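So that you can see what the record holds, here are the features copied from TrEMBL:
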- 7-185: domain '3-hydroxyacyl-CoA dehydrogenase NAD binding' (DOMAIN)
- HIS141: site 'Important for catalytic activity' (SITE)
- 190-248: domain '3-hydroxyacyl-CoA dehydrogenase C-terminal' (DOMAIN)
- 290-316: region 'Disordered' (REGION)
- 298-309: compositional bias 'Basic and acidic residues' (COMPBIAS)
Amino acid sequence: MSANQNQVTLIGLGTIGISMAALHLRDPNSTIHLFDVRSDIEQHILAHLPAFLESVCPGTSVESLISSGRIKIHTTIETACSEATIIQEQGPENVSFKKSLWAQVESIAPPYAHFWSSTSGIPTSEQTADMQDKSRLLVVHPFNPPHIMPLLEIVPSPNTNQDEVDFACTYFRQVSPRHCPVVIKKEICGFVGNRLAFAVLREACYLVEQKVVSVKDLDQIMMSSLGPRWALNGVFESYNSGGGVDGFRGFLNKLEATVQGVWNDLGVMSMTGDDSHWKEYVISQTEQTYGPSSLGQTREKEEKLREVQRIQTSNP
Ligand SMILES: NC(=O)c1ccc[n+]([C@@H]2O[C@H](COP(=O)([O-])OP(=O)(O)OC[C@H]3O[C@@H](n4cnc5c(N)ncnc54)[C@H](O)[C@@H]3O)[C@@H](O)[C@H]2O)c1
Ligand SMILES: *[C@@H]1O[C@H](CO)[C@@H](O)[C@H](O)[C@H]1NC(C)=O
Ligand SMILES: *[C@@H]1O[C@H](CO)[C@@H](O)[C@H](O)[C@H]1NC(C)=O
């Protein structure tokens, strides 16, 4: 086996797992081992993976990937992990599940295998609690759908070996030049992308609950201002140009009173208890506005997402 022939084992094949499989399949030299506890695992993969393959290996069927041995479907975690060089989990978001999974994986995987978790929020240092060697695991947090969304937040714990961090970054850059691993220097709730997203989410729910704006108009405001702006320049670059020749410093000086006014006025929001009255109101308005989403709609959005990325990476 040559060094670049990765044996990638994916544990948990729900929303993230299927798309993650498509991302790993971009490496033409790899074998992808799939394991999930669901009893209809093979039917599930045959039904859902094809939609993700179009952009990754066009014209290739899942059946042919299985018969050629590039995809191997396993019914036990032991066989799924036995040859792995990389093991990535995207099972349930549950601390005790992830803790016991990694203790088990450590006992059955080859000693050289790299361990990655796709968790949205359970830090590496909690997941390693029952492991003998806490230096091998790190979080690789994707954004849905990972086969298209470029960002991978690489979040080590203080115990993670630096070589593991470097390996994960190098791997994803090699597998997909469009993907963008970013190392998060400290463990923090929600990492970085979701902290930004959930700060906006909180204020969006507050503004709807206060009847300042409807769900539909809030989304319109986002898509016709901050969305396109932030697709092309991040937060700091945008305000640096917003400040004219004085840059970000000038922006903060000129807008100081308004920025401070908004910060003073940010809504108090909570998921439970007295400050959770907003929830039913905002949820039902969102349901009335959009209804359930369908697979067809999702695929059309994915095509548009790729178009945004083409614009982001094209020369001005
Ligand atoms: N959905 C998102 O937008 C998103 C984004 C980034 C990260 N994540 C993270 O990815 C992980 C999975 O999320 P999801 O949305 O794909 O969930 P999901 O419920 O769609 O999928 C979870 C899968 O894990 C399987 N599973 C359950 N127990 C298992 C076990 N013991 N062994 C192996 N497989 C098992 C389930 O059968 C299911 O197929 C979570 O940790 C989540 O935080 C999700
Ligand atoms: C696949 O293997 C070939 C031949 O060994 C190598 O040249 C190529 O870089 C490998 N591709 C990746 C993505 O690792
Ligand atoms: C979390 O996982 C543990 C261990 O796998 C399980 O016993 C528990 O029921 C799970 N909790 C939830 C809320 O699913």
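Every residue, even glycine, has its Cβ placed from backbone N, Cα and C.
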Mean predicted confidence [pLDDT] for the domain '3-hydroxyacyl-CoA dehydrogenase NAD binding' (7-185): 96
The compositional bias 'Basic and acidic residues' (298-309), counted residue by residue under DSSP: helix, strand, coil: 12 helix, 0 strand, 0 coil
Structural state census, the domain '3-hydroxyacyl-CoA dehydrogenase C-terminal' (190-248) (DSSP three-state): 48 helix, 0 strand, 11 coil
